[in-house]
Amino acid sequence: MEASAGLVAGSHNRNELVVIHGHEEPKPLKDLSGQVCEICGDEIGLTVDGDLFVACNECGFPVCRPCYEYERREGSQLCPQCRTRYKRLKGSPRVEGDEDEEDVDDIEHEFNIDDEQNKNKNIAEAMLHGKMSYGRGPEDDENAQYPPVIAGVRSRPVSGEFPISSYAHGDQMLASSLHKRVHPYPVSEPGSARWDEKKEGAWKERMDDWKMQQGNLGPDQADDSADPDMAMVDEARQPFSRKVPIASSKINPYRMVIVARLFILAIFLRYRILNPVHDAIGLWLTSIICEIWFAFSWILDQFPKWFPIDRETYLDRLSLRYEREGEPNMLSPVDIFVSTVDPMKEPPLVTANTVLSILAMDYPVDKISCYISDDGASMLTFEALSETAEFARKWVPFCKKFQIEPRAPEMYFSSKMDYLKDKVQPTFVKERRAMKREYEEFKVRINALVAKAMKVPQEGWIMQDGTPWPGNNTKDHPGMIQVFLGQSGGLDADGNELPRLVYVSREKRPGFQHHKKAGAMNALVRVSGVLTNAPFMLNLDCDHYLNNSKAAREAMCFLMDPQIGRKVCYVQFPQRFDGIDRNDRYANRNTVFFDINMKGLDGIQGPVYVGTGCVFRRQALYGYEPPKGPKRPKMVSCDCCPCFGRRKKLQKYAKHGVKGDVANTQGFDDDKELLMSQMNFEKKFGQSAIFVTSTLMVEGGVPPSSSPAALLKEAIHVISCGYEDKTEWGSE
């Protein structure tokens, strides 16, 4: 997908299309998935008897043996899911607290004295097996449920490509270079004493003690524990975020007020009900119903405020896990949507500042794609975006070189702050003055475009090459796509690559329902699914810039967390407002909503979506269920010991000799289900093979056999006005 290759405009229904010339061979990427252990991602492995290793016999939470041993020896000795104390299993050394257990394994091996050298050798071999098997899970078989037309598709990411000589050797190289066996910290409850102790630095002392203990396990383990990077890697295996409860001194007085109001309300309602007004019984009954309804709604409003919480993220852990030095960056790509309609009501300079703050954000440039939806098909927005792309070549490297905050130039240059704070580069003052002058010249050019747009020519707008602007009629025009900055072009002043910047204006024709902003967002979802297909999407209004350049990393701390990330649907950011008086006399900051109600809802289940500033998981918007983890073996108690369980064996023989008939019937049902699902895909997502295929790629990426020109042609198709007909778009 080349930048500045020209505007692509066309209508799928009318068979009109201007195709951009320029093809690029896709670069393959091996899918790095298949982790099993919920703590470290290793294969759980088998026991000495050949059975699947089960650490917790109460809930069957999948944990590998090294993590189980480390949790019992150095951690809280509790299962992360059911919080039940781990029992000593066969072959596991004793730890403090095992003396109270009546264990069958303990009775059998209580007086067995093993040779110390053999014991050390067995332990070292077990740890070496865990090291070599890290990150090598079973092949992903999720595509088995999809139709054969689109099943088994290997995706290639649009960003972050790196060459792999062959798939056969690529697996071994990636598994050996990207992973190293480490021992995770115990999973403790947020806010507990153990967590606070770790935060204060006591975890380093525990790690040093653990390394000293490993010296008795043999030379292999001693060398591994003496690794100076072990502490950093262990830190990367911890959760990326935690809940921080509000201090009791702040929340308890408010709770007392709620209880007092509830008590007074109960007395008032009791008095009102027991003292009816017989002269106006109808009016009295109406007032009683209204008072009870308002009391009930007030109670519902107080429930979310009972348990407000804050959240704290650990960006260093995110970087340690997904941005290892000398290895490909493993952070997930993000598609960012900015919507605008009328440039006269939404000034282009404001939209330009939003776009510049996105392009300069602290995130890998090949992982960012910014899509601008112009629902008014305005040539002013198009030309202003072209000027923004040119100015971004200078602004983005300046922000990243000097760590500028905020990265919207208007807010940065107009804010009254000490801009020399923490700046040590001698050339900063000179380059800042030059950049401020560049921005002022950029503002003048934008103002000139606005002044020019005030007088619309009778024959309509004409582009620089003499072609009439396709959007002269805002209610009847073809779809338009322009890639300003992209993978094959758009380098900054220092010669570095810039994030993608794509202009999109969906097709509009008389007689079609376009659903305003919701329809524009649906069009952006489909276009991005065809061109980049990032697994996460961030939507912003044109006047909402990023005041934190690490906002995307903050969201990834929740969405890419190895423990809870798969269950997170979206991350909602609060809104902050500029240009408001210090006292906020008109409550324009919405402090009560964002800082009280939203935090209270987060303490119950999660905040509500407010329409902007939200990072979505793409698969959740498509209506897919969260990915299911590996099946846990069902545990049944045996008669000899109530503390242990065994796997429930499958029935080997079918009753009445109908095993073959049952298998044939099951196969027929599977074929029928595949056929029905293939028909449902087109009904749900529309008749675009490339887009339907992209919806099945959980980790994102585009089909490897598609050329940039073919993708742009398909993108014009999915933004056509009739694409949503006879589909679930706009109704679900």
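Count begins at 1; order follows the chain as displayed.
Each residue, glycine too, has its Cβ placed from N, Cα and C.
Unlike curated records, TrEMBL annotations are generated automatically.
The annotation UDP-alpha-D-glucose binding site is assigned in TrEMBL to Ser339, Lys345, Glu346, Asp375, Lys516. Neighbours of Asp375 (UDP-alpha-D-glucose binding site), defined as other CB atoms within 10 A of its CB across all chains, total 22.
TrEMBL lists Lys517, Asp541 with the feature Mn(2+) binding site. Cβ-based neighbour count (10 Å, all protein chains) for Asp541 (Mn(2+) binding site) stands at 19.
Residue counts for the domain 'RING-type' (37-83) under DSSP, helix first, then strand, then coil, are 10 helix, 3 strand, 34 coil. Residues or ranges marked as domain 'RING-type' in TrEMBL: 37-83.
Residues 291-292, 295, 298-299, 302, 305-306, 308 of the same chain, all 6+ positions outside the transmembrane segment (251-269), place their C-beta atoms under 8 angstroms from a C-beta of that stretch. If you look up TrEMBL, you'll see 251-269 (among others) marked as transmembrane segment.
Taken from TrEMBL, the feature transmembrane segment covers 281-300 (among others). Sequence-distant neighbours of the transmembrane segment (281-300) (same chain, 6+ residues past either end, Cβ-Cβ under 8 Å): 262, 265, 269, 272-273.
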Fewest Cβ neighbours within 10 Å, where candidates are the binding-site residues Lys345, Lys516, Lys517: Lys345
Distance in Å spanning the most remote Cα pair of Ser339, Lys345, Glu346, Asp375, Lys516, given for UDP-alpha-D-glucose: 16
Cα-to-Cα gap, Lys517 (Mn(2+) binding site) vs Asp375 (UDP-alpha-D-glucose binding site), nearest whole Å: 8
Lys345 (UDP-alpha-D-glucose binding site) to Asp541 (Mn(2+) binding site) - Cα separation in whole Å: 13
For the binding-site residues Ser339, Glu346, the one whose C-beta sees the most other C-beta atoms within 10 angstroms: Ser339
Spatially closest candidate among Ser339, Glu346, Asp375, Lys516, the listed binding-site residues, to Asp541 (Mn(2+) binding site) (Cα to Cα): Ser339
